[in-house]
Amino acid sequence: MSALEKTMHLGRLPPRPPLPGSGSSQSGAKMRMGPGRKRDFSPVPWSQYFESMEDVEVENETGKDTFRVYKSGSEGPVLLLLHGGGHSALSWAVFTAAIISRVQCRIVALDLRGHGETKVKNSEDLSAETMAKDVGNVVEAMYGDLPPPIMLIGHSMGGAIAVHTASSNLVPSLLGLCMIDVVEGTAMDALNSMQNFLRGRPKTFKSLENAVEWSVKSGQIRNLESARVSMVGQVKQCEGITSPEGSKSIVEGIIEEEEEDEEGSESVNKRKKEDDMEGLPSETQNLLLFLQTKKDHPYTWRIELAKTEKYWDGWFRGLSNLFLSCPIPKLLLLAGVDRLDKDLTIGQMQGKFQMQVLPQCGHAVHEDAPDKVAEAVATFLIRHRFAEPIGGFQCVFPGC
């Protein structure tokens with residue numbers, strides 16, 4: 001397991017034809033392109049994978065919170081999908097298209113608080129308890145007192161929140177639980193190096209295409225098809241800067257002059273900018289440089305994960321025993337068997353949950369190999385008679 005993967009730990013159907021320039025969703029391997037052909041890093045809209053989008057309002061003591069969900073399917077159990085830290089519901093897009101072609105089910109992919117397009121009063125409270133309550137509140141807001149059968153599926157941080165939600169009995173109709181590549185022992189070990197990983201990421205991107213390209217080439221997401229829809233939920237346009245009116249007018253004037261001189265060389269523009277700033281107060285010069293960075297790199301991360309550090313321990317400590325104690329059928333999907341800790345190893349030997357290892361994947365297993373994850377989840381659903389197969393899907397029951 002690579003250092004990057006460690007730090008990022010906080011039935012069979014013909015594969016769908018990939019989007020142009022995306023490569024196959026079955027494999028996280030490097031795509032080979034023909035001579036003269038370039039890989040397409042342009043973003044893809046959610047509507048190519050989900051049927052609808054909804055903003056679910058939840059009443060609380062301080063007012064209303066709005067949670068973004070993406071949905072597909074009209075029959076069968078609800079698969080409530082919870083993404084990992086820093087990601088969004090869009091990370092489940094390609095998986096959604098794969099699973100609904102295999103079994104009768106309904107998909108609800110949720111943007112957790114502080115992530116994606118969800119808007120809450122206190123977006124900085126990312127405690128396991130608060131986010132688990134959010135999940136229960138969204139289910140109640142969507143379905144009332146009689147929710148349909150629901151299976152919780154979560155990746156990384158989302159897997160931990162799924163377990164906390166299940167162990168607190170916040171979803172009364174819960175029938176199954178699935179964690180994807182999150183294990184207490186490995187996660188706790190990785191927390192010490194998480195800040196170093198976050199500091200090593202780019203802080204800004206010139207465009208959405210640039211963000212998608214970085215995610216694939218860095219190995220964060222090994223599947224270009226998923227990255228093209230998923231990264232839209234991870235980054236946002238940089239917000240404007242509020243400054244005193246005097247400084248603002250100077251800043252706008254300099255930036256406008258620089259934009260008008262499009263035919264000048266880069267060195268001329270640089271000298272002009274330096275000449276314009278000469279004699280200005282240092283605070284104004286710093287503001288100018290910051291705004292120029294914003295202009296050149298208009299996208300940044302939606303959430304500053306480094307600031308959530310105080311919640312990391314609460315997400316993962318005691319997770320293995322909580323998972324094992326949930327009295328419902330359970331599935332654990334891992335990118336490598338070396339991720340198992342002692343408690344889960346013993347539990348797996350005792351048959352307390354079903355486990356499947358999906359090799360040649362990075363940490364974002366459901367994005368790197370969405371068809372394989374869909375096959376594993378569909379087989380689990382059919383095995384426990386939670387859902388009916390469709391489209392000629394044939395179960396292949398794993399040995400563990």
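Cβ coordinates are placed from backbone N, Cα and C, and glycine is handled just like the others.
Keep in mind it's a predicted model, so treat the numbers as computed, not measured.
TrEMBL annotations:
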- Ser156: active site (ACT_SITE)
- Asp181: active site (ACT_SITE)
- His363: active site (ACT_SITE)
- 77-370: domain 'AB hydrolase-1' (DOMAIN)
- 1-40: region 'Disordered' (REGION)
- 257-280: region 'Disordered' (REGION)
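Mapped onto this structure are the features recorded in TrEMBL.
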| residue | record | CB count, 10 Å |
| --- | --- | --- |
| Ser156 | active site | 28 |
| Asp181 | active site | 27 |
| His363 | active site | 29 |
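A gap of 6 Å separates the Cα atoms of Asp181 (active site) and His363 (active site). Note: the Cα of His363 (active site) and the Cα of Ser156 (active site) are spaced 8 Å from each other. Regional average pLDDT for the domain 'AB hydrolase-1' (77-370) in the model is 84.
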